[in-house]
Amino acid sequence: MSQKLTLLLAGLNCGRCIAKVEKALSEIPKISHFSVTKTELTLTTTLSYEEIAENITQLGYSVPEPELITLYLAGLKCGKCVNKTTDTLSTLSHTSIESISKDKITLNTVHSQESIIELIESIGFQASSAPFIPDSPSPKEEVITLNKETPTDQSKTEKQKIEKTTQLILSGMTCASCVASVEKIISAVANVQSVSVNLAERTALIYGDINAPELIKAIEKGGYGAEISLSEEQRRKRQKEQYLKTTAAHKRNTIMSLAIGAPLMLWGVFGGNMQITTVNDQLAWGFIGLICLGLLLTAGKHFFVNAWKAFTHHRATMDTLVSLGTGSAWLYSMALVIYPAFFPEQARHVYFEATAMILGLITLGNLIETKARNRTSNAIEKLLNLQPQTATVIQDGKEVELPVALVTKGMIIKIKPGEKIPVDGSIISGESYLDEAMLTGEPLPCLKIKDDVVHAGTINQQGSFTFTATNVGEHTMLARIIAMVRNAQSSKPKLAKLADKISSVFVPSVMIIAIFSALLWYNFGPEPTSSYMLVVATTVLIIACPCALGLATPMSVTVGVGKAAEFGALIKDADVLQTASHIDTVVVDKTGTLTEGKPTVSKVTSFAAYNEKDIISFAAAIESHSEHPLAHAVMTYLNQHSWDLVTSTQFNAQLGLGASANIAGDTVFIGNTSYLLNNEIATPDVELSPASTPLFVAINKECIGVIEVSDAIRPDSKLAVAQFTQLGINVVMLTGDRKETADYVAQQLGITHVVSGVLPDGKAQTIKDLQAQGKKVAMIGDGINDAPALAQAEVGIAMGNGSDVAIESAQLTLIRHSLLTAVNAIELSRATITNMKQNLFGAFIYNAIGIPIAAGILFPFTGMLLSPVVAGAAMALSSITVVSNANRLRLFKSQFSNEHTD
């Protein structure tokens with residue numbers, strides 16, 4: 001039977017060489033058709049591959065055979081870089097990529113190692129046959145690998161780092177205007193690519209290969225404080241110190257201010273004299289004025305110091321407004337005490353009580369706000385508290401208790417019942433059930449036996465075991481989750497960037513409004529114009545609140561990202577929250593997402609003279625070269641029956657279709673119907689189970705059998721699809737599987753939109769087609785071939801036990817392998833954006849209404865002006881309202897009773 005063969009040629013340098021080969025082939029009667037180039041021969045013949053190759057060799061040329069090449073990579077920073085490399089190498093003939101990550105690639109190719117390296121370098125990356133030596137340590141954001149099955153090699157993790165990031169703990173920031181100022185200062189430093197300052201956390205996340213001391217020096221020169229966050233423990237300690245110090249100061253200043261201001265205000269309310277009419281009044285109020293001056297120099301000192309720093313750097317902040325308001329009230333009152341004759345009799349009203357009460361109420365508001373802000377970090381605190389402080393290490397046969405910080409890779413650690421796991425590792429003896437709920441959201445304890453991976457922060461139940469430490473310190477999964485959550489909390493959605501732009505011009509605008517209002521009242525207001533002018537200007541300055549604007553979005557982001565982490569969803573960037581809230585279509589990969597991702601051989605059908613063992617042996621000989629899940633199913637079936645593995649050569653794979661190899665002189669094929677038809681092999685009519693994926697096996701041009709592989713549907717998939725539908729989201733199943741199997745799975749799950757038979761490179765195109773229809777698409781997948789689709793979608797969601805490339809291409813990672821977590825993540829994103837909009841609306845409305853009222857817009861109708869004291873209370877209340885509303889997110893619960901979100 002004739003077959004179509006393709007051989008790579010080497011040594012043909014000119015047209016004469018081609019003519020020589022053509023002449024020799026034309027003289028061989030068993031060749032019916034051929035085409036020759038300098039590098040490739042395609043022909044139809046009844047001869048075997050080896051016979052053709054021997055004829056070419058006799059002519060003085062060679063036929064290179066594919067070899068397995070492994071190269072180490074550098075410079076690939078994300079899933080898109082991996083996709084670019086894959087696309088470039090896919091253009092090479094006789095080349096199939098076995099596996100690829102950001103730091104390593106394995107491929108079958110006939111091309112030389114040098115030519116592959118040269119091609120990779122031509123697209124801007126590096127490649128080498130030896131591992132790249134990591135740079136000296138610097139603060140970076142690490143790739144997070146959440147694979148529960150295989151231990152992560154720490155050296156690999158160290159090389160799997162993306163953009164360099166630096167986290168700073170900031171001080172001296174008091175309002176939204178400070179955010180814009182600090183970001184401007186940092187952006188001006190050399191090599192800074194981007195920066196995001198979080199007012200709620202008082203932190204800065206900087207991307208770029210920067211000089212940390214130079215950066216800190218620039219921030220300090222700009223009037224703020226900064227220190228680098230070298231470790232989570234140091235960060236936690238420093239922020240706790242700042243919190244305790246700040247709350248103590250706010251508490252002290254509040255008590256001092258209200259202790260002086262409240263009696264003065266009550267004196268005036270109950271009819272006490274607030275006018276300067278006699279010398280005794282001058283002496284009495286002069287003494288009170290000196291007390292209020294002492295208050296300004298103690299409880300109000302930080303307002304004036306910060307305002308002066310801002311002034312020297314040509315900025316205006318909330319401190320500027322408070323300082324001008326309280327300072328003006330005190331100066332006016334003291335001038336009145338010293339020289340009352342200068343003022344008209346009706347304008348001799350002192351405002352010392354306003355100075356004290358404004359300070360007291362604003363500081364009280366700051367105290368409440370600080371405590372509420374501290375509660376937003378509860379999710380991170382829970383994660384941090386998972387790790388124990390000590391570990392029981394076995395050294396020289398003895399049990400020694402060491403601080404976790406001193407545990408190094410390779411140490412043997414013993415775990416007793418009820419203890420927390422201190423670091424990541426692999427069990428070497430014993431077994432037990434581990435509670436992973438706090439880390440993964442998995443509600444039931446998970447059995448761990450020899451060679452299984454354990455993670456820091458999980459809790460041992462009844463058994464006892466020992467394990468080898470594989471990842472310690474900042475390289476544990478727990479540490480990387482915390483780092484990822486921290487970075488996400490420091491990032492900003494588009495709404496926040498809009499608020500920042502408004503905040504940057506807010507304070508100067510308020511100062512202009514205050515001056516304009518004062519002039520209007522001085523020139524057109526009733527007598528005493530000077531008193532009215534002072535009250536109006538002070539009230540406008542005090543009531544304006546940039547803090548509410550500045551806290552509106554970062555508070556919601558901090559709580560939302562932390563809450564997502566609690567039920568097992570890791571968000572890479574806060575912008576994902578805003579994007580995910582608009583999703584109306586979810587595209588779900590079938591294998592490993594809707595199904596268990598652990599296919600098994602369910603049936604073997606043989607044709608002609610071959611039996612089950614023959615079919616499996618031929619299939620396994622080819623699949624032993626592959627890492628595909630279906631290949632694992634065949635190999636497992638072979639091993640279960642203890643059948644020998646047959647040797648094969650000349651392995652060649654076609655992504656998404658099948659593979660072939662040479663076995664004892666025969667060309668053996670395994671793949672789907674399309675793959676066999678492409679190789680001119682007919683598949684016989686056979687009744688197949690709709691729940692299975694068929695793998696046809698053929699020798700030369702004869703189909704000899706079919707292996708049916710089934711993958712069980714995950715028990716929670718049907719519920720997740722129903723919940724997506726209840727949220728108004730259309731679910732689309734995307735698979736490379738045949739239509740019959742895809743339709744069967746879809747019918748079981750209640751999915752009406754199915755796209756089947758899609759090759760890996762066609763998945764991204766499917767996403768594009770949906771987007772062209774105006775859909776907002778989220779893609780959920782777990783494999784390397786899902787990476788382009790994950791990157792193309794508005795929101796890419798990767799299963800946590802999926803490939804590194806899939807996780808890096810996604811914006812959201814599900815630690816718990818359940819679509820129910822994806823449902824809750826989208827629910828939470830909607831709740832977070834709603835909360836954010838409520839905060840922004842409240843802040844804008846407060847200022848839009850408060851400032852005109854403070855300027856006296858209601859005076860012509862009511863004859864009343866807003867008191868500066870009331871303005872101070874309103875200002876404090878606005879920030880408290882925003883922070884309290886954001887904290888409501890901590891109480892978020894899914895509308896569905898998914899156990900891990902309770």
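Just so it is clear, glycine is given a Cβ too, placed from its N, Cα and C backbone atoms.
Curation plays no part in TrEMBL annotations; they are all automatic predictions.
As recorded in TrEMBL, the features of this protein are as follows:
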DOMAIN    3-64  domain 'HMA'
DOMAIN    164-227  domain 'HMA'
TRANSMEM  283-300  transmembrane segment
TRANSMEM  321-343  transmembrane segment
TRANSMEM  349-368  transmembrane segment
TRANSMEM  502-524  transmembrane segment
TRANSMEM  530-553  transmembrane segment
TRANSMEM  840-859  transmembrane segment
TRANSMEM  865-886  transmembrane segment
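Taking pairs at least six residues apart, the transmembrane segment (321-343) and the transmembrane segment (840-859) share fewer than three Cβ pairs below 8 Å and do not count as touching. Between the transmembrane segment (530-553) and the stretches 283-300, 349-368, 840-859, it is 840-859 that has the most C-beta pairs under 8 angstroms. With helix defined as DSSP H, G or I and strand as E or B, the domain 'HMA' (164-227) counts 22 helix, 21 strand, 21 coil. Tallying C-beta pairs under 8 angstroms between the transmembrane segment (502-524) and each of 283-300, 349-368, 840-859 places 840-859 first.
If one looks beyond the transmembrane segment (865-886) by at least 6 residues along the same chain, the residues whose Cβ comes under 8 Å of a Cβ in the stretch are 261, 265, 325, 329, 351, 353-354, 357-362, 364-366, 368-369, 372-373, 376, 532, 535-536, 538-540, 542-545, 547-548, 551-552, 555-556, 558-559, 835, 838-839, 842-843, 846, 850, 853-854, 856, 859. Outside the transmembrane segment (283-300) by six or more residues, the chain places 252-254, 256-257, 260, 264, 276, 322-323, 326-327, 330, 333-334, 337-338, 350, 352, 355-356, 359-360, 363 with a CB less than 8 A from a CB of the stretch.
Taken together, the residues of the domain 'HMA' (3-64) have an average pLDDT of 81. Break the domain 'HMA' (3-64) down by DSSP state and the numbers are 22 helix, 20 strand, 20 coil.
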